[in-house]
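S.K.: I have a structure I would like to understand better, so I am pasting it below and will then ask my questions one at a time.
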Amino acid sequence: MTVQKSKNPQVDIAEDNAFFPSEYSLSQYTSPVSDLDGVDYPKPYRGKHKILVIAADERYLPTDNGKLFSTGNHPIETLLPLYHLHAAGFEFEVATISGLMTKFEYWAMPHKDEKVMPFFEQHKSLFRNPKKLADVVASLNADSEYAAIFVPGGHGALIGLPESQDVAAALQWAIKNDRFVISLCHGPAAFLALRHGDNPLNGYSICAFPDAADKQTPEIGYMPGHLTWYFGEELKKMGMNIINDDIAGRVHKDRKVLTGDSPFAANALGKLAAQEMLAAYAG
């Protein structure tokens with residue numbers, strides 16, 4: 001007899017009134033191994049250009065009923081794109097708004113993945129000891145070695161990044177200096193940092209996690225309540241076009257902005273980003 005997994009969010013005892021996703025939702029949307037494949041870059045980049053990862057530094061996201069969702073950056077959405085980019089020859093640095101450590105949704109970590117987990121262990125210190133984004137921004141100029149800015153997904157991207165002037169400055173620098181911007185799922189919420197000033201992403205098309213899907217996740221206990229705002233609605237108000245209305249592992253390229261719709265797009269986005277960056281920097 002099959003026992004139905006619970007759809008009740010699981011208590012996170014590290015914080016008052018905080019919750020992890022339900023057993024049922026984890027069984028549907030996480031896996032102990034990833035879908036990493038196609039990592040084949042026979043002529044990797046050998047230069048000095050690298051990736052700047054803007055990571056989440058806050059774990060708890062308030063929902064409409066006062067309960068907190070225990071979140072952070074999604075491991076698959078973070079590590080698979082970086083795995084491809086690293087294999088293609090691009091090193092990376094990590095920055096957070098505060099300079100404090102990256103928060104991960106460890107409940108989504110592919111802990112039995114024989115490629116992703118060693119990669120994570122190899123680079124864990126970068127996530128534990130990130131740069132402070134303001135310090136990075138202060139040093140940016142036309143000759144800076146960052147070839148791309150990567151904003152991973154996970155609901156942690158909804159906390160702080162959309163209001164950060166440092167995030168806005170980093171994105172403005174990237175677009176104006178012909179660098180790549182890479183993001184997926186909830187990561188594009190960081191683009192909202194541009195909405196109150198100079199917005200070089202006006203008119204761009206992207207893939208992102210649909211608001212409609214976010215509105216459904218509390219039904220299966222993925223979140224302990226509904227979001228208090230929806231980033232897709234806000235991106236559209238600032239002139240961006242979200243081309244997907246479902247979660248199908250879709251990726252999209254608009255000039256040098258490369259995006260994906262969900263963790264199901266992480267591997268494909270990694271391939272796309274590696275191919276595009278090799279063409280630009282190693283061609």
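Just so you know, glycine gets a Cβ as well, placed from its N, Cα and C.
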S.K.: Look at the Zn(2+) binding annotation in Swiss-Prot, where His86, Glu91 are given, and name the residue from His111, His123, His155 listed for that site too.
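M.R.: Within the candidate list, Swiss-Prot flags His123.
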S.K.: Rounded to a whole number, how many Å is the Cα of Glu91 (Zn(2+) binding site) away from the Cα of Cys185 (active site, nucleophile)?
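M.R.: The separation of the Cα atoms works out to 23 Å.
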S.K.: Given the binding-site residues His86, His123, which one has the fewest other C-beta atoms within 10 angstroms of its C-beta?
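M.R.: Comparing Cβ neighbours within 10 Å for the binding-site residues His86, His123, His123 has the fewest.
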S.K.: Within 10 Å of the Cβ of Glu91 (Zn(2+) binding site), how many other Cβ atoms can be counted across all chains shown?
M.R.: 15
